[in-house]
Amino acid sequence: YFINLQYIQDFINGSWVARYGKPMEERSVKLIWSAIVSVYSIGGLVGSLSVGYFTIKYGRKKCMLYNNIITLAVAAIMGCSRKANSFEMILVGRVLYGFSAGLGANVHAIYLGESAPRKIRGIVTMSAAAFHSMGKWSGQFFGLSEVLGHEDRWHFLLAFASIPAVIQLISLPFFPEAPRYLLIDKGNQEMCNKALQKLWGRKDFKAEIEEMLEEQAAIKGEKPKSVWELLRDRSLRWQLITMVVTLTTVQFSGVSIISSYAFEVFREAGIPDEKIRFVTLGVGATEVFTSITCGFLIDNIERRALLWRAFCCMASTMALLTVTLYLKDTISWLPYFNIFLIFIFIMFYGLGPASVILPLCLEIFIQSSRPAAFVFTGILKWTEFAVLGMAFPFLLAELKNFSFLIFCGFCLCGALYVFFMVPETKGKAMLEISEEFNRINICRLFCRKDTQNHGETILATRL
């Protein structure tokens with residue numbers, strides 16, 4: 001939430017005084033505030049863990065509908081917390097909001113990827129990233145003190161998530177279930193064809209249905225994998241490594257730090273405190289703009305090229321930012337140049353990882369392993385988010401501006417991995433992509449070495 005933390009801390013202390021007639025110790029207030037912040041990640045982790053179970057049991061569409069009901073209930077709890085004079089309601093609400101976010105974000109991504117034709121799968125899937133950016137920017141805008149971020153109105157901001165939940169709850173029943181789920185998981189070709197026509201018009205989807213039938217035949221009636229089965233499956237080893245490397249690079253690229261610790265980052269960059277909120281709003285608007293722009297590029301430019309080039313540019317920007325932060329007190333205009341660099345960094349993030357990672361994670365897994373893959377993705381993402389969120393204040397205190405070199409290193413490593421190891425996925429069937437990963441080799445692991453002296457042939461094995 002983009003609310004002045006002092007308002008929440010004052011509310012915690014005020015509710016304690018109303019109950020017990022004496023103020024809470026400052027240390028206890030900070031402890032409760034830290035718990036309110038951190039339990040969101042715990043809820044997100046639990047929500048991500050439940051993705052596989054709920055998507056298999058209820059389907060993609062019902063899962064999103066039920067999730068909106070949870071969001072509305074949580075919004076009511078959060079909105080009434082001030083009236084009830086209960087900071088515990090905020091604490092519970094944060095856990096449930098995290099659960100809703102962890103479940104909803106993953107199910108939404110799966111639904112989009114399984115509903116889109118191959119030619120426009122990229123732009124349809126990355127729309128989730130664009131709306132995620134819009135959500136963050138909306139929080140920044142409505143969190144301004146002139147809007148809902150005022151001392152008298154902050155509780156309305158806590159319940160703001162009810163608006164998109166109501167919109168989706170009203171509109172989603174008019175949409176069909178994901179076509180790939182209907183055919184591959186449920187074996188209902190007629191319903192799949194109707195769903196495709198309802199989503200994309202009355203056209204001939206014979207090619208799309210044949211592709212799904214081929215994938216269904218390749219699965220051979222196999223049940224959806226669990227996370228443990230996914231981790232043990234050697235045929236999916238490179239897909240898992242690719243997902244871990246790319247997601248870890250994004251989490252440790254520095255973009256989540258700029259969002260979560262914007263005040264500290266911009267203060268370190270030399271920006272006056274009273275201007276930081278407007279700079280943060282500009283950063284959010286930049287991410288929205290670049291995410292939308294990438295939508296027009298993602299199905300025309302190779303995903304792999306977009307990703308590794310963006311990582312390289314982000315690494316270069318972080319390296320330059322480290323230098324300019326070190327010199328900010330020597331040149332008067334450098335603080336404003338630092339703002340420019342942060343905007344450039346967010347722009348590269350929006351044009352690359354923000355828009356490409358989600359389609360990539362969807363495309364590299366076939367139907368039987370996709371729910372488990374998204375469970376694993378959620379575990380990885382929320383765990384890394386929590387670790388980085390706890391560690392960064394200490395890194396900033398100890399290393400100052402040099403802490404950004406760590407992010408530079410992660411971006412550079414991610415770029416090298418994508419350039420050398422990740423095959424292109426644009427415009428390919430998901431079975432084709434799986435075959436591409438099966439052909440990956442390191443240092444010619446499948447090459448043949450003929451030893452003429454002994455007349456023997458040695459074949460290397462997969463790692």
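Cβ coordinates come from backbone N, Cα and C, glycine included.
Quick look at what TrEMBL lists:
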- 1-426: domain 'Major facilitator superfamily (MFS) profile' (DOMAIN)
- 31-53: transmembrane segment (TRANSMEM)
- 90-111: transmembrane segment (TRANSMEM)
- 154-175: transmembrane segment (TRANSMEM)
- 240-263: transmembrane segment (TRANSMEM)
- 275-298: transmembrane segment (TRANSMEM)
- 305-327: transmembrane segment (TRANSMEM)
- 339-362: transmembrane segment (TRANSMEM)
- 374-396: transmembrane segment (TRANSMEM)
- 402-422: transmembrane segment (TRANSMEM)
Stretch-averaged pLDDT - the domain 'Major facilitator superfamily (MFS) profile' (1-426): 87
Stretch of maximal Cβ-Cβ contact with the transmembrane segment (305-327) [cut-off: under 8 Å; candidates 90-111, 154-175, 240-263, 275-298, 339-362]: 339-362
Considering the transmembrane segment (31-53), which listed stretch of 154-175, 275-298, 339-362, 374-396 counts the most C-beta pairs under 8 Å: 374-396
Dominant neighbour of the transmembrane segment (402-422) in 154-175, 240-263, 339-362, by Cβ pairs under 8 Å: 240-263
Beyond the flanks of the transmembrane segment (240-263) by 6 or more, those residues with Cβ under 8 Å of it: 136, 230-231, 273, 276, 279-280, 283, 307, 311, 314, 318, 342, 345-346, 349, 353-354, 357, 360-361, 364, 373, 376-377, 380-381, 384-385, 388-389, 392-393, 396, 404, 406-407, 410-411, 413-414, 417-418, 421-422, 437
Contact check, the transmembrane segment (374-396) vs the transmembrane segment (90-111), 3+ Cβ pairs under 8 Å, seq sep 6+: yes
Leading stretch by Cβ pairs under 8 Å, where the reference is the transmembrane segment (339-362) and the options are 90-111, 154-175, 275-298: 275-298
